[in-house]
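Written below as structure tokens is the structure these notes are about.
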Amino acid sequence: MSKSLPYSMKDVAYDNAKFRHRSVFQMITQTLLTSSLRRDRFRCSTGKFLALLMVSGLTYLVLTHESHISHTPDGLVKGTASNLRKLWRKPPRLPPSEFGSSILDPDKLNSISEWVSRQENVKEAFVHAWSGYKKFAFGFDELKPLSREGVDGLGGLGATVVDALDTAMIMGLDDIASEAGSWIEKNLPKRISEKGQVNLFETTIRVLGGLLSAYHLSLANQGGELGVSRALNGSKPEAYLQTAKDLADRLLSAFTSSPTAIPYSDVVLRDRSAHPAPDGLSSTAEVSSLQLEFNYLSSVSGDPRYTTEAMKVLEHFRTLPKVQGLVPIYISPHTGDFSGDNIRLGSRGDSYYEYLIKIWLQQGGSQNNHSKYLYDMYAEAMKGVKERLVRKSIPKGLVFVGELPYGVDGAFSPKMDHLVCFLPGTLALGATKGMTKKKAMENNLLTFEDLENLNLAEDLAHTCFEMYAVTATGLAPEIAYFHIEGAYEEGLDGGNKSSEYMNDIVIKPLDRHNLLRPETVESLFVLYRITENPKYREWGWQIFEAFEKHTKVEAGGYTSLEDVTVVPPRRRDKMETFYLGETLKYLYLLFGDDNILPLDKFVFNTEAHPLPIHPSTKAEITLTVDLS
């Protein structure tokens, strides 16, 4: 059983007066006043007077000596008077600017220009992805970029259109936002009323979440709060809201049809009916990752049904037995109990832990309100993660999160899905509540546990990045195993023989695919915002360059890969909706201004759709988004 990660003294902020800069005059004065002058009430001996006179004489010589005379570029001599003026004159106060005093620092300016350029590259990648989708698959759920055709794998609701819409709005791509918005207004209501079976979770996070985010961003833009008093062409905000309500009304059948608080996994939209999965079970992550969207819909529509049904799930989870806050990945809607012993933070478990802290933040993040139990559940679960699931690899000591496939009494598995790379961002968000680490520490808001969680977040983000860097393509596999005592397989490295961690990470043949997933860049975005450490931007840029090099399809779009350990990699012929909805959005935000969608004012659902904290009416919106 592993111990919690140690606390680091580097997190202690010192503010000791003895380390502050003092002038020569201040030092002389303080030395004299803190000696016998303070004790003897200005009684001064001859020796002390002579000492003071000697110091004054030395100071004068330093200021007037010829070796200190210098020439200006135009030949003028700077002598004693100039030196004296320099000694006593205060530095000029620089005028305020958006870059602060660094506006005069060429290196800083070059750095800013570089990240603006890199952000533009991400925008161009989004345009390329959209162009392929529009050309070959417009209206389908997803693009098959190699076959140059569309496919409906998510119920036929045009999932890519809805998933990509708010990314286009954030990037200021009005033409694409207009195309997507017009398609939604003209086609999506009819499809919702006619389509058959959809998955409750996927439809909620992608389509319902996308509609609600677009609604909020459209309102903010239309109201002029963004510095522009214009509405995007295409659909009006009310159309997004009405479509979202119609969809949510049909999805509610998953809750109302179930005999317990746990909803069924599948919904037939046209019939407004629902049924369980073939095995009768629902995924823990799926049923507990619906609340951000339904809560916001209740807030803006005034209809409490959505939040009432969705929050019943978590209120029920509160009553269920757990192991240090950890829960199995399946739950039965028939009994309301967990099923099986498998505990992991990868597929079917991940976003349960993510939404505990995010829903609490959405509802105000107060330790005194009715949702405090969510924070308590989150805090207990993170303690359980550190105690039960966190290990270090050998020989180089990468920190990773493993699994307990047979429960707490079974063997530990050193397996980590790429999906687990959501956790560094969640840990950082839970530690500072969206503020920068610097600000949180200045205000004494971080507990010992918060600092420990933030340290763990940074360690895990490093591991997630190395899952990319260890491969021949520079792109991560879907699943990695870590070398620990008694668990290692030779000949299954990532293909990058120069990687320092080549012997720490094992990639099995069936796990070598890459689906263009966003979890690592999501965490890099959050950690950059919170720690302000530029290494997270650099890591994100390396990942983006690898995507550009190996997944871009010249005809349009980007494709998943079959094997990231060889170059050139085999391709899978599918562009997931989340590449436009999440991966490119997080990269764009990572390289951009911190004031865009600040983390103390927005929560991102598990499909990267931003929703406001303290959901408000149109008149109260104070959003800042880059729509220039």
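A Cβ is built for glycine as well, from the same backbone N, Cα and C atoms used for every other residue.
If you check TrEMBL, you get these features:
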ACT_SITE  E202  active site, proton donor
ACT_SITE  D350  active site
ACT_SITE  E478  active site, proton donor
ACT_SITE  E519  active site
BINDING   T606  Ca(2+) binding site
DISULFID  C421-C464  disulfide bond
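Rounded to a whole number, the C-alpha distance linking C421 (disulfide bond) with E478 (active site, proton donor) is 11 angstrom. Checking each of the active-site residues (E202, E478, E519) against C464 (disulfide bond), the C-alpha distance stays within 10 Å for E519. It is 19 Å from the Cα atom of E478 (active site, proton donor) to that of E202 (active site, proton donor). E519 (active site) is 9 Å away from T606 (Ca(2+) binding site) when you measure Cα to Cα. For the pair formed by E519 (active site) and D350 (active site), distance between Cα atoms is given as 11 Å, rounded to the nearest Å. The Cβ of E202 (active site, proton donor) lies under 8 Å from the Cβ of L154, G155, each of these being in the same chain and 6 or more residues away along the sequence.
Considering only the active-site residues D350, E478, E519, the Cβ with the fewest other Cβ atoms within 10 Å is that of E478.
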